[in-house]
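Asker: Per TrEMBL, the features are:
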REGION    1-149  region 'Disordered'
COMPBIAS  38-53  compositional bias 'Acidic residues'
COMPBIAS  54-66  compositional bias 'Basic and acidic residues'
COMPBIAS  67-105  compositional bias 'Acidic residues'
COMPBIAS  129-139  compositional bias 'Acidic residues'
DOMAIN    154-410  domain 'BOP1 N-terminal'
REGION    297-346  region 'Disordered'
COMPBIAS  304-314  compositional bias 'Pro residues'
COMPBIAS  332-346  compositional bias 'Basic and acidic residues'
REPEAT    417-458  repeat 'WD'
REPEAT    670-711  repeat 'WD'
REPEAT    732-758  repeat 'WD'
Amino acid sequence: MAAADVERHSKKRKAAPEEEAPAPPPAAFPQDVGLEMGSEDEGEDGGDVSDDGVVDHFPEIDTRSDTEDEDYTEDGEDEPDESEEDEEEDEEDGESSEETSDDDLGIFPKAKTVISDITGQPKRVYPDIEPDYDSDSSTEDTPNRVGDIPMHWYDDLPHVGYDINGKKVLRPARGDELDKFLKTVEDPEAWTSAFDKNLQMDKPLSPEELDIIRRLQQGENPDASYDPYEPTVEWFTGKGKEEIMPLSAAPEPKRRWIPSKWEKQKVMKIVRAIRQGRILPNKPKTASTQPQFYPIWNDEPSSAPAPLPAPKPRLPGHAESYNPPEEYLPTQEEREKWEATEPEDRERDFLPQKYAALRLVPAYDQFIKERFNRQLDLYLAPRVHRVKLQIDPESLIPKLPSPSSLKPFPVYKSLQVAHEGRRVRTVSVSPDGGWVVTGDEGGVLRLWEVMVGKEVKRWTFKSKIGAVEWCPRTDVSFFAVAIEDRIHFLFPPNLPAAILAATQHALSPANLPPPPAVPSPVKWVSVPAAQSSTDAPILSLHLPSSPEPPKQLVWHRKGDYLASVSEGQAGVWMHQVSRRHSQAPFKKIKGAVQLVLFHPSKPHFFVATQRYVRMYNLAEQKLLKTLTPGIRWISSMDVHPSGDHLIVGGYDRKLCWFDLELSDKPYKILRYHSRALRSVHFHPTYPLFASSSDDGSIQVFHARVYNDLMTNPLIVPLKILRGHEVKEGLGVFAVRWVPRQPWLVSAGADGQVSVWCS
C-alpha cells in the first residue's frame, strides 16, 4: 500500500512545474530522511532536475504517529478513501500554485535560513522593516509609551512622553484656530481625524471607526455583523427540552428536611479539635511592645455640631449655709407665708436653718427630687449654642476724615449780646450777613451788627415776640415780626437811598393793587411811604385771633410769599406781598401743624405735624409723599440748599436725615444730644449744619452732598459748642448761620445771643 501511494504521488508531481529546492545542509538533522521541498525559485535554476524529468519519490510517512483519532483502524479499510481525498487536495494546491505565487506578488519579504547559536536548529530570519514604509497609520504602534496616565501632567513640559527606547517624544506644533479652519477648507479629509491626547496631534480614523461613528449618529447598532432580524431560537420548546425548565412539579426530595450526615461529621470534627485545644475559639491578642502610631489628621473633620455642654447648676449662696446670717433666717410670719404658698410659686424650695455644727446638719430631703429635675432639664429642656462673636470694637467705628481737614467751621465764641435776662426765642440774619435781629419774651426787638455786636436800633412791643424773619431779597432790606395776632414789617435805619426807595415801594406802593375777588379774613394796613419811619411798622397784617402769637415765619426764596404758622384755628396762612392778599392753603389738616418750609428750587411745600412731614406740590395742588421720621414730637426742620435732603429734629433727642429721592424713611438718625432738640439749620453756602438742644450745647456737623446719586452723603460731627447756661430746663432756642461766613448765631434761654466764629 505504501508503494502504491508513492506511485500515485509521483504521477501527480509530473504535472507540476519542474522546480526543485536546494536541500538543507546535511549537518542540520540527525539523520537523512531524503525530504525535498519545492520552491518558486526551482524554475529559474534547473541544474538539479533529473535527466528523465521524473520527480524523486517521497519516503513513506507513518501517519499513525500524528493522529489521535480513537476510530483509527489498523486494517486500513478506510485508507483508499483518505488517499483519494489527499489526491483531490493536492490537485487543488497544484492548480493554485500554478495560478499565483506570494513571492511574485511581493507581499512578504524573503526569509533567510540560518542556524541558531542557542538551539543549533535552523531558523528563518526576515529582513528588518524600514520605519518609513508606506502603510496605514492605524496598524502602527503608538510611539508614546507613557501608558494610561493623565496627560495633563505634561502640560508644562516640552515633551508628551517617551518612546520604546526611552527617548522623549516632543510635543508637535499646533496652529491656532485660524490654521485649523484653513486646514478643514484645504483638506476635504480633515473631518475624518480625531485628536489623540497621547500623541497630542490629530490621528486619522480607520474606515471601521468611521462606520461605527456613522452608525451611532443614525441610531443604529455599532456592530456591522449584528442581524436584528435573525430567526428566533426556541430554547424551551420541542421534544426532549421540557425537563430543563427551571420550574418543576416534582415532589420535594427527602434530603431537604433530613439533617445531613456529612455536615454532622464535619461539625463534630471541629468540636473535637476545640476540646483537644488544637483550635482556639477566642485567641488572645498578643500585646505589641511597640507603640501604635496613626495619622490623626487624615480623617475628615466632622460637619456635625459639637455636643452642647450641660449648663452648670447655680452655686449655693448664704441661704444654703448651715450657719446663715441672721437676716437670711425667716421670721414666724415668713415661715407661715412660705408654707401656705404653693410649691410651684415659692421663691425657694427650702427655708434657711441654723445649726450649731456641721455634723448636726441632717440629710437634705429634697436631694433626690432636685437631682431628678436636673436630669429632666438636661435631656428635655431645649438648649441653644450661642456663638460669641470676636469683633474688634474699633472696626465698628466708621472711617471718618479728621475734623482738621474739614475746616472752616465755628470753634469759639467771638462776641455776646445780652437781653437783660429775658429768654431770646427768635433770631434772624440779614441776607448780606451784616445785621442780626433778635427778639425776646419781653417784647424787645434788637438790631445789631454781626462784626462788633453794636446795637443799632431797638423796638419795644407790648407782648412777647413769637418769630422774626429777614426777607431774602437783596434789592430791598426789611424783616417781618410776629406779635400777638399781627405781623409787622420793619426796615432798619441808615439804608442807602436806592434800597430805601425800593423797600418803601415794595411795602407801601403809591398805587395799591385791586382787592381780591374772594375777601380774606386777614387785613392789610400800610402807612404811606412819605410818612413811614424806622420807628413804626410800614406794613401790618391782622390775622384771625389766636391764643398765642405766630410761632414761625418763613419766606419764599423770591421774597414775595410769606408763610405763617399759628396755633388754634388760624393754622397756616400764606401771604403775597405784591398783591396784598392772604389765603389758607389747607381747608383741613390732620394733626396740629408745627412747622412749614418752602422748597428752595421747586414749587413744593413741606408741612410738619406732630409725627409726620408731608410734601405738597403747590402748582398741582396735590400730596407728593409723607415722610415718617419716627419722632414722637417734631420741634424743628430745615431743607438743604440743593432741595434733595431734609433734616428733622424732635423733642425726643433724635435728628433724622432724609434723602427725598431715596425713601420716606430716614437715611440716618443721629443721637448726639442728651435732651430735646430746639433748632436745626443748614448753612446756605458751606457744607455745614448745626443743631441746638436744651442741654445747652450746639452740635456742628460737616454735611457734604455729592452730585452722584450713587454716593451717600458724608456726615461728620465736627465740634460741640458750649457757652449757654441751662435755666429752668431750657437751653439754646435757635441757631442761624451767617450767609457769607462760616459763623453761627445762637440765642438761649439765659438771655444771651452769641456769635461763634472759625
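The backbone N, Cα and C atoms fix where each Cβ goes, glycine too.
Model, not experiment: these values are computed from the prediction.
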Asker: Near the repeat 'WD' (732-758), which residues from the same chain, at least 6 beyond its ends, have a CB less than 8 A from one of its CBs?
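Answerer: Contacts of the repeat 'WD' (732-758) (Cβ under 8 Å, skipping residues fewer than 6 from its ends): 407-429, 431-433, 436, 438, 440, 450, 453, 678-686, 688, 690-694, 696-698, 700, 721, 723-726.
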Asker: Could you give the mean pLDDT over the domain 'BOP1 N-terminal' (154-410), rounded to a whole number?
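Answerer: Mean model confidence (pLDDT) across the domain 'BOP1 N-terminal' (154-410) is 84.
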Asker: Within the repeat 'WD' (417-458), count helix residues (DSSP H, G, I), strand residues (E, B) and coil residues, in that order.
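Answerer: Grouping H, G, I as helix and E, B as strand yields 0 helix, 24 strand, 18 coil.
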Asker: In the compositional bias 'Pro residues' (304-314), how many residues does DSSP call helix, how many strand, and how many coil?
Answerer: 0 helix, 0 strand, 11 coil
